[in-house]
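Read through the structure below, which is laid out as structure tokens, and then see the notes.
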Amino acid sequence: MLSVAARSGPFAPVLSATSRGVAGALRPLVQAAVPATSEPPVLDLKRPFLSRESLSGQAVRRPLVASVGLNVPASVCYSHTDVKVPDFCDYRRPEVLDSTKSSRESSEARKSFSYMVTAVTTVGVAYAAKNAVTQFVSSMSASADVLAMAKIEVKLSDIPEGKNMAFKWRGKPLFVRHRTQKEIEQEAAVELSQLRDPQHDLDRVKKPEWVILIGVCTHLGCVPIANAGDFGGYYCPCHGSHYDASGRIRLGPAPLNLEVPTYEFTSDDMVVVG
């Protein structure tokens with residue numbers, strides 16, 4: 001306050017700074033000036049001895065506040081009576097509420113309880129994480145209707161010799177052809193040098209009399225017509241691709257042979273595709 005009053009300029013005549021001492025443990029803001037003297041201080045023997053009772057009599061009886069203004073003294077509050085001391089009894093265990101009792105007697109029980117809670121929590125979190133991962137992985141797998149269409153069984157006795165039967169498998173047409181002996185000998189005699197996509201007939205079949213193909217043209221994905229074309233196999237009317245009875249491209253814009261799916265003969269009269 002003294003520095004404020006000194007720098008106030010024209011308001012200095014109306015400003016005043018006062019320092020009041022309040023009993024407490026803190027130091028005052030402004031130190032009182034002590035006159036310089038060479039004489040030793042004289043003890044006042046008549047001053048009463050400051051005991052606990054005399055100090056309590058000098059203690060502050062009411063709350064102190066700090067105020068600053070014009071032409072008023074400034075005071076500082078060194079005591080806060082509205083501050084509550086924190087009490088953590090609600091967070092402490094009953095075994096350690098008594099401060100006069102040693103906590104070593106109950107340390108084993110408290111540690112065992114903490115370990116048990118930690119173990120149960122870890123198991124629960126691991127189980128929940130396992131379920132979450134399982135559901136996430138299963139959501140990326142194929143649905144039940146797709147799995148049902150993943151494989152198809154074809155009864156071969158329903159397909160007469162020299163005929164081709166079409167099925168729907170995984171959203172695509174599936175051709176199952178029962179070839180005659182003449183077609184088998186004709187396709188086996190084709191030289192690989194004459195083929196755009198060289199592949200021997202025996203490499204495309206497991207049984208010479210049965211040809212199983214995916215009926216999708218390798219040009220632009222059209223569906224060829226069976227028992228048609230210049231080579232008596234399959235013909236795509238969209239752009240004029242000709243395939244033989246083994247599904248090999250012989251003429252037209254298609255670059256590759258018809259695809260052969262994975263299949264297995266479970267018996268002489270049954271084949272499983274997929």
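Just so you know, glycine gets a Cβ as well, placed from its N, Cα and C.
The topological domain 'Mitochondrial matrix' annotation in Swiss-Prot covers 79-103 and rests on similarity to another entry.
If you look up Swiss-Prot, you'll see 104-140 marked as transmembrane segment.
The topological domain 'Mitochondrial intermembrane' annotation in Swiss-Prot covers 141-274 and is backed by similarity to another entry. Within the topological domain 'Mitochondrial intermembrane' (141-274), the DSSP-based counts of helix, strand and coil residues read 22 helix, 43 strand, 69 coil.
Here Swiss-Prot flags 187-272 as domain 'Rieske', drawing on sequence analysis.
Counting only same-chain residues at least 6 apart in sequence, those with a Cβ under 8 Å from the Cβ of Ser241 ([2Fe-2S] cluster binding site) are Cys217, Thr218, His219, Pro224, Tyr235, Ile249, Leu251, Gly252, Pro253, Ala254. Residues or ranges marked as [2Fe-2S] cluster binding site in Swiss-Prot: Cys217, His219, Cys236, His239, Ser241.
Listed in sequence order, Cys217, His219, Leu220, Cys222 are the same-chain residues six or more apart from Cys238 (disulfide bond) with CB atoms under 8 A from its CB. The annotation disulfide bond is assigned in Swiss-Prot to Cys222-Cys238 on the grounds of similarity to another entry.
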Between Cys217, Cys222, Cys236, which of the recorded positions has its C-beta surrounded by the fewest other C-beta atoms within 10 Å? Cys222
Here are the binding-site residues: His219, His239. Which has the lowest count of other Cβ atoms within 10 Å? His239
Other than Cys217, His219, Cys236, His239, Ser241, which residues of the chain come within 8 Å of the [2Fe-2S] cluster site, judged by Cβ distance to the Cβ centroid of those residues? Thr218, Leu220, Cys222, Pro224, Cys238, Gly240, Gly252, Pro253, Ala254
